[in-house]
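*Asks:* Quick one: the structure is below, and I'll ask about it shortly.
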């Protein structure tokens, strides 16, 4: 019965290290057979556990036998097997030398980024960044970045969500020039994506691009995107971008922030969704320290009092704590 074979796949990495050499050869052979089993459930289990097993196998056998098994799994006709093979790419990549990773893993990932199954492409989007660390900067620039850029406008929303949530990570390993050239045009498209979940995923990370791209690119390219997300019709998008405002402030300075984003922030301070109001309240002490008492009073003084009478208990609680922190910032006279 196939369930025993499914369970067995998860035990190889435990038995292998303490087995004698003759038995090790047999275990590798059996694992290879399990990867070609007639039942897709067995092949899925073998694909899922390949990374753990590979970590215990000697390097001489790793490059030949394990990579042969991996190649078979990546060509499986079941997408559920292929996506689990993709999931193991990063783990295998870290076990190989960079040049072997480039030779064996990189072509598979690049090919899978165009797989007919969206679930496989989704898994690639999740694994790409991990693989960048294994292959090094040059293959990342020449092969993985084009694969990532293909996934950003994917026709399946789940793939775009996974890709959008990693834009800042990818920009971090590229030069600002390459990020502006390859990633930023896709980010602009995603900021007006038809799926609110894609926009929300982007909003949760996009502020982190500001320190990477620098002041000029942030002002010229990112600020319009920030503004559109701050005014998004869905509260989760507004909430996600509010919670990271400090990252932009550090890059462009308070003067530019007050000119460009402050009107939108003031508007969100009275947002109909209480979680958005809460995010603004939590950002207020940082804003206060930058704006100074006069400017702050003018823009937020009345709102701070208004929050104390909010109908949502969490807002009143946060507003009370907020006043304490403002008093510490502005002194006893305030």
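Backbone N, Cα and C atoms are what each Cβ position is placed from, and that goes for glycine too.
Annotations per TrEMBL:
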REPEAT    27-65  repeat 'HEAT'
REPEAT    66-104  repeat 'HEAT'
REPEAT    105-143  repeat 'HEAT'
REPEAT    144-182  repeat 'HEAT'
REPEAT    183-221  repeat 'HEAT'
REPEAT    222-260  repeat 'HEAT'
REPEAT    261-299  repeat 'HEAT'
*Asks:* Quick check on the repeat 'HEAT' (105-143): DSSP residue counts for helix, strand, coil, in that order please.
*Replies:* 32 helix, 0 strand, 7 coil
*Asks:* Below 8 angstroms Cβ to Cβ, which residues of this chain, lying six or more residues outside the repeat 'HEAT' (183-221), approach it?
*Replies:* 149, 152-153, 157, 160-162, 164-172, 174, 176, 228-229, 232-234, 236-238, 240-241, 243-245, 247-248, 250-253, 256, 260
